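Novice: I am attaching a structure below and will ask some questions about it afterwards.
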Amino acid sequence: MGQVNVLDHPLIQHKLTHIRDYRTGTKAFRELVDEVATLMAFEITRHLPLEEIEIETPVCKAKAYQLAGKKLGIIPILRAGLGMVDGMLNLIPAAKVGHVGLYRDPETLKPVEYYCKLPSDIQERELIVVDPMLATGGSASAALTLLKEKGAVNMKLMCLIAAPEGVEQVKKDHPDIDIYLGALDEKLNEHGYIVPGLGDAGDRLFGTK
Ligand code: PRP
Ligand code: URA
């Protein structure tokens with residue numbers, strides 16, 4: 001069964017507070033999402049396996065460590081997931097980036113797919129699917145299903161803020177997936193927005209609306 005991990009590092013929590021604040025404008029919002037994505041990437045990559053190698057320092061030969069195991073992929077769910085990509089690439093610059101385009105129909109709250117472009121070797125990669133918001137869970141669940149259909153076998157889901165309803169939906173549809181969150185909020189409101197949340201992540205990132 002997949003685990004749900006709330007990354008409660010003080011810097012993540014502090015920055016999330018500013019991200020949530022309605023007075024935070026687009027520029028600061030985008031910078032903060034970028035920074036939190038870097039911090040979350042740091043936490044989410046803790047488990048990566050290392051292998052011992054021999055190197056030579058200016059002083060002597062030495063045993064040292066380098067990353068081993070599967071290569072990584074970052075899959076933002078468009079559009080808001082784009083705001084988390086650069087922050088993650090700061091730490092894992094060799095990761096390949098695939099894009100899944102989904103938007104949530106405002107009436108039905110159901111995800112609508114409009115784009116998918118993935119690295120050709122996703123089945124060999126450990127994929128981190130990123131989206132700031134996990135609300136009903138419809139978008140994330142549909143993205144994970146699509147990625148599995150395309151061959152992905154090793155995925156994690158990383159979101160800034162989730163509602164319990166979204167977490168339950170993903171756990172039900174994808175019990176194999178570990179979920180990493182900056183915060184687990186109280187609930188969804190009648191419009192499917194996370195409470196207290198941060199409002200519309202895509203609009204706040206890109207200055208639309
Ligand atoms: C937002 C968000 C998630 C989705 C979450 O995207 O970035 O993808 O809603 O809601 P859900 O869990 O109920 O599916 P939105 O549909 O607003 O599209 P955008 O990123 O293009 O703004
Ligand atoms: N999408 C958002 O951007 N925010 C929410 O609170 C829910 C879905």
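Yeah, the Cβs are placed from backbone N, Cα and C, and that goes for glycine too.
As the structure is a computational prediction, the values presented were derived from the model and not from experiment.
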Novice: Figure out which of R79, R125 sits with R104, D131, P132, M133, L134, A135, T136, G137, G138, S139, D200 in the 5-phospho-alpha-D-ribose 1-diphosphate site per TrEMBL.
Specialist: R79
Novice: Just going by other Cβ atoms within 10 Å, which of the binding-site residues D131, D200 has the emptiest spot?
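Specialist: Each of the binding-site residues D131, D200 was scored by Cβ atoms within 10 Å; lowest is D200.
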Novice: Identify all same-chain residues not among I194, G199, D200, A201 whose C-beta atom falls within 8 angstroms of the centroid of the uracil site's C-beta atoms; report them in sequence order.
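Specialist: The surrounding set, listed in chain order, is P132, M133, Y193, G197, L198, G202, D203, R204.
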Novice: Which one of these binding-site residues, G137, G199, has the sparsest Cβ neighbourhood, judged by other Cβ atoms within 10 angstroms?
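Specialist: Ranked by other Cβ atoms within 10 Å, the binding-site residues G137, G199 bottom out at G199.
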Novice: Can you tell me how spread out the 5-phospho-alpha-D-ribose 1-diphosphate site is, meaning the largest CA to CA distance among R79, R104, D131, P132, M133, L134, A135, T136, G137, G138, S139, D200, in Å?
Specialist: 17
Novice: Around the Cβ of S139 (5-phospho-alpha-D-ribose 1-diphosphate binding site), how many other Cβ atoms lie within 10 Å? Please give the count over every shown protein chain.
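Specialist: Around S139 (5-phospho-alpha-D-ribose 1-diphosphate binding site), other Cβ atoms within 10 Å: 26.
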Novice: Nearest of the binding-site residues to G199 (uracil binding site) by CA-CA distance, picking from D131, A135, S139?
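Specialist: Spatially nearest to G199 (uracil binding site) by Cα position is A135.
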